[in-house]
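*Asks:* Structure in structure tokens, see below.
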């Protein structure tokens, strides 16, 4: 059992009451939001899934028996509780790396190495390197490569075959691993985030019940005090075609704005919240491991490795620009959402093949799953999510525990 799994259960208060935000001198801000159709591939689904005699929630038996990777199937334990995540310093492994990539692209592997740009500015596809063979120095260079390219797709990997314990330990090289507030994880591996879209026509139809698109652009758990750095994701089972993942570059999006707008945006801060995600889980009969959190982050953050500015807003978890009135905030946020989501010339489409691992820089890119297959085929994937630094608008605040404006409390 991992250290995180062994933490003492902590009783947490209900959060079904309205949220009041206290912002260290800023006005109290009240807000409401609806979050699309919910996370049906990460949350327990009452009526589809099962409850064991011990109270453990799990995927139904008929799906478990057909799984090619049963060790990665999600479970949800209603007794598993954690306190709030605490601040910790983060030292990006990319800052330790050899910029010549002499370990990652070792001379002895050059003959079998195939590297292809996915787009001129964003993304690489690599064949001929096994992630499981990398030394610690090569992993540092991997972090640097992902920061520089935004998204790196590795083909023909044995990564998932090594099992949940191995991939969890692998992820720890890149930072303290995040434990999700509601999603399923393999038993005894709480740091793995599992997505499992069930092969059920009704569930597929639910995606489009209230929307004309399956798109759900976001950056992972931006509501946390210290959101992730390098996200590792692998689809272990899925459709033969479709189910791709879209990525958009928020550095490029920021660079395309006019200088006056760039300067104005760089003075603003945004509320990010997990409240709606937790409510979605509970509506579906699922769990809540921690009390929902709300944090304020700069609208424009500086990437600690690239020293470049990124737009740090996303439709899933951003709620309001602190300094603006509600209507002003909604108009500006929608403009920025649409800029990132609709500018296809700053995006790429990662196609899933068996034994692929995609690694992306969660600070730089947004992503969205594409649900476009029609047959009732399940899509099963796992994610490793190392936490990064607290987002800052100036690197002089990097790893400063007293940096404001992220700190706030929930009056619940």
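Placement of Cβ uses the backbone N, Cα and C atoms for every residue, glycine included.
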*Asks:* Given that Swiss-Prot annotates 218, 220 as binding Fe cation, state which candidate in 88, 355, 367 belongs to that site as well.
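*Replies:* Given 218, 220 bind Fe cation in Swiss-Prot, the matching entry from 88, 355, 367 is 367.
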*Asks:* Quick one: which of 182, 219, 245 does Swiss-Prot put in the 2-oxoglutarate site with 352, 379, 383?
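*Replies:* Swiss-Prot names 245 for this 2-oxoglutarate site.
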*Asks:* If you draw a 10 Å sphere on the Cβ of residue 218 (Fe cation binding site), how many other Cβ atoms land inside?
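*Replies:* Looking across every protein chain shown, the total is 19.
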*Asks:* Here's one to test understanding: among the binding-site residues 218, 220, 352, 367, 379, whose C-alpha is closest in space to the C-alpha of residue 52 (phosphoserine)?
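*Replies:* Of the binding-site residues 218, 220, 352, 367, 379, 379 has its Cα closest to that of residue 52 (phosphoserine).
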*Asks:* Please name the residue among the recorded positions 52, 245 whose C-beta has the most neighbouring C-beta atoms within 10 angstroms.
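*Replies:* The most densely surrounded of these recorded positions is 245.
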*Asks:* Give the sequence-ordered list of residues that share a chain with residue 352 (2-oxoglutarate binding site), lie 6 or more positions from it, and have CB atoms under 8 Å from its CB.
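*Replies:* Within the chain, residue 352 (2-oxoglutarate binding site) has Cβ neighbours under 8 Å at 235, 238, 243, 244, 245.
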